[in-house]
Every structure is written in C-alpha cells, then in structure tokens.
Amino acid sequence: MTNIRKTHPLLKIVNSSFVDLPAPSSLSSWWNFGSLLGVCLAVQILTGLFLAMHYTSDTATAFDSVTHICRDVNYGWVLRYLHANGASMFFICLYLHVGRGLYYGSYTYSETWNIGILLLFAVMATAFMGYVLPWGQMSFWGATVITNLLSAIPYIGTELVQWIWGGFSVDKATLTRFFAFHFLFPFIVAALVMVHLLFLHETGSNNPTGIPSDSDMIPFHPYYTIKDILGFLIMLTALSALVLFSPDLLGDPDNYMPANPLNTPPHIKPEWYFLFAYAILRSIPNKLGGVLALVLSILVLAIVPMLHTSKQRSMMFRPLSQCLFWFLVAILLTLTWIGGQPVEYPYVIIGQMASVLYFLTILVFMPLISIMENHLLKW
C-alpha cells in the first residue's frame with residue numbers, strides 16, 4: 001500500500017515540498033534563514049491577529065488602546081513586544097537571507113530572486129504601516145515624513161500624497177487605512193512566499209559551492225527538517241530573551257509620547273532596519289533625487305544578476321570578491337549608524353561617502369573584480 005502522503009491530493013504537495021524534496025547535501029546554516037522567515041511570518045500573523053482584537057484604529061483612542069493591551073489584557077504586553085521585536089527578527093533574517101543570496105550567487109535563479117525583491121518591498125511596506133499604528137510621536141511624524149516623499153513625484157505628487165492621507169494631513173483617515181492595509185499585507189506576503197517557493201522548487205536549491213549538485217542529493221526530511229527545527233529554537237530563544245529582558249531595546253522612546261501634530265521630535269527617524277535606506281535618502285540634498293536613491297537602494301538588487309561577470313557562481317572560491325562583499329556589509333552598517341545620527345557635520349559627509357560607495361561597490365567594483373578574477377584564473 002502506497003503511503004497516503006504520496007497519494008492524497010493535498011498531502012502530496014506538502015510531501016514534495018517538505019518531505020521527499022531532494023536537497024543538496026552540502027547546505028550550510030546560511031540556508032536556514034528561509035525557514036526562519038516562515039516562522040517569523042507565522043509569529044507576526046498570529047500575534048498581530050490577537051493584537052487586532054484589542055486595538056482601535058482611531059486617532060483619539062489608538063495610543064490608549066495599545067496602553068490597554070499592555071496593562072489590562074492577559075499577557076497583552078507579551079503579544080505587543082513579541083510583535084514589535086518579531087519585526088526586528090524578521091528583518092535580521094531577511095537581510096541575512098539576501099546577503100546569503102548575494103554571496104553564494106543564488107540570484108542567478110532570476111525568477112526566485114525577483115519574487116524575493118518583491119517580497120522585500122512588501123514586508124518593508126507592512127512594517128512601515130505597522131509602525132504608524134501605536135500613534136506615538138515617532139509614528140505620526142514618521143508617517144508624515146515618509147508619505148510626504150511621494151510629493152517629489154512630478155505633476156501628480158501633491159495629489160497622490162493627499163489621496164494616501166485621505167485629507168490634508170496625516171489624521172484619522174490615514175490611521176484607519178494603514179490599519180486595514182497592515183492587516184491585509186501579511187497575507188499577500190504569504191501568497192508571494194508560495195510563489196517564491198514554487199519558483200525555487202522548479203530549479204532546486206543552490207549550494208555553497210555554486211556547482212550543480214544533481215549527483216549528490218538527500219531527502220529534505222529528516223536531514224534538513226531537524227536542522228531547521230534547531231534554527232527555530234535558537235531564533236525563538238533569542239526573540240524570547242529580547243522580549244522578556246529588554247523589550248524596548250530596539251524601539252524609540254519618543255513613541256511613548258502620544259502623537260502631537262504641534263510638536264516635532266528633535267530627530268525624526270524610522271525603526272533601525274530602515275536606517276540604511278534613510279541615510280541614503282538624507283545624503284542627497286535634492287528631494288526627488290533622494291527618493292530615487294531610496295528606491296534604488298533596494299531595487300539595485302534586481303540588476304545584480306545582469307552584472308554577474310564571474311565564471312564561477314558562488315564567492316566561496318573567490319577571495320577578492322569575498323573582501324568586496326564584506327566591504328559592502330561594512331558600508332551598510334555604517335549607513336545604519338549614520339541614519340540614526342542628527343543631520344550635522346561630520347555625519348552628513350560620512351553618509352554621502354558611504355552612499356556613493358554602496359552603489360559603486362554593487363554596480364562597478366563587484367563586476368570588475370569578477371572579471372579580474374577570471375583573468376587571474378586564466379579563464
């Protein structure tokens with residue numbers, strides 16, 4: 001008798017994706033982040049659902065409803081901080097997942113890579129809208145500043161901003177629609193994840209060597225299921241420690257003050273995971289130029305597959321490219337630091353230099369170094 005998991009119409013889809021899936025035998029821990037992102041998404045949807053049961057999306061009561069969740073709802077504070085810090089974990093895993101893709105040349109699977117970029121934008125939009133919901137000072141002013149960037153679009157900019165706001169300023173209509181979209185988007189993300197996996201399973205996984213591994217495959221279960229579960233335990237332990245010991249470590253103290261349109265905070269800044277893009281935005285003195293640079297800082301990933309000039313797929317055996325990759329990581333950390341600093345000397349010039357180096361490294365240095373390595377290897 002054939003196993004039910006191989007014959008049942010629904011179970012055989014699960015079986016071919018998570019049980020009998022042939023996987024390369026050499027996958028390192030860097031391949032754990034995809035499944036960790038799945039866990040993050042599940043945690044965010046579940047905690048978000050329970051938070052939505054107690055939250056009110058009205059400017060008069062939004063801030064108080066979050067306070068009520070933390071003080072009066074059973075374990076409401078756990079839900080709230082799991083959701084807030086879960087977002088940070090989500091982005092840590094996202095950036096490491098993208099970094100893995102860049103390092104090991106996974107971007108050559110262009111369909112999977114492009115859906116991944118779409119997912120990155122969707123998650124960023126979701127996180128931005130979620131940050132507005134507690135209706136604290138940084139929520140209000142962050143929403144005002146970031147949505148206002150759309151006014152840089154020629155001709156339709158101003159009308160577009162007012163259309164998004166639902167009025168002439170960030171107000172009740174804005175908060176209500178942001179709540180609606182913040183609730184909807186994670187399900188769109190979940191659907192995109194399915195497409196992401198569909199394209200990935202068409203080609204099969206890449207591996208650290210970048211060499212086709214068709215001759216050396218092992219079943220996903222039990223080898224990688226147990227490896228993924230270990231990853232889940234490590235990540236959930238880290239998240240629990242963050243939530244229970246220092247839940248406000250990554251937040252902004254200004255967000256514990258109710259939104260006040262008459263009082264601007266001294267430094268308006270987004271959550272830490274957007275600071276690198278915010279630094280690139282601020283480093284350009286022109287509004288439209290800044291907005292374009294902001295979008296391109298993520299969209300540049302879409303042209304990385306076209307700039308792959310190396311004869312090897314992975315950076316595993318390319319020491320010069322490895323140096324350049326870690327240089328790029330250092331630039332991104334510098335930009336993250338600059339994004340949280342005030343707009344004054346020397347931070348402005350450091351931000352401008354780091355922004356230029358960020359684009360130069362991806363668009364110019366990496367392709368050139370790859371060509372140089374080809375010549376050194378006499379290929």
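Keep in mind that glycine also has a Cβ here, set from the backbone N, Cα and C atoms.
Feature annotation from Swiss-Prot assigns transmembrane segment to 33-53, 77-98, 113-133, 178-198, 226-246, 288-308, 320-340, 347-367. Annotated heme b b562 binding site per Swiss-Prot: His83, His182, in sequence order. Summarising the annotation, Swiss-Prot assigns heme b b566 binding site to His97, His196 and lists similarity to another entry as the type of evidence. If you look up Swiss-Prot, you'll see His201 marked as ubiquinone binding site.
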Proximity verdict for the transmembrane segment (320-340) and the transmembrane segment (347-367), three or more C-beta pairs under 8 Å: yes
Three-state secondary structure, His97 (heme b b566 binding site) (per DSSP): helix
Sequence-distant neighbours of His97 (heme b b566 binding site) in its chain (C-beta under 8 A, six or more apart): Phe33, Gly34, Leu37
Cβ neighbours within the same chain of His201 (ubiquinone binding site) - under 8 Å, at least six residues apart: Ser16, Ser17, Leu21
Length of the line joining the Cα atoms of His83 (heme b b562 binding site) and His196 (heme b b566 binding site), in Å: 24
Between His196 (heme b b566 binding site) and His182 (heme b b562 binding site): CA-CA distance (Å): 21
For His83 (heme b b562 binding site), the three-state class that DSSP assigns: helix
Touch test for the transmembrane segment (178-198) and the transmembrane segment (113-133), at least 3 Cβ pairs under 8 Å: yes
Stretch of maximal Cβ-Cβ contact with the transmembrane segment (226-246) [cut-off: under 8 Å; candidates 77-98, 113-133, 288-308, 347-367]: 77-98
Residues satisfying Cβ distance under 8 Å from His196 (heme b b566 binding site), sequence separation of at least 6: Thr112, Ile115, Gly116, Leu119
Remote residues contacting the transmembrane segment (288-308) - C-beta distance under 8 A, at least 6 residues beyond either end: 98, 102, 105, 107-108, 110, 113-114, 117, 120-121, 124, 149-150, 152-154, 276-278, 280-282, 355, 358-359, 362-363, 366-367, 370
Where His182 (heme b b562 binding site) sits in the secondary structure, as DSSP reduces it to three classes: helix
Conformational class of His196 (heme b b566 binding site) under the three-state DSSP mapping: helix
Other CB atoms, at most 10 A from the CB of His83 (heme b b562 binding site): 21
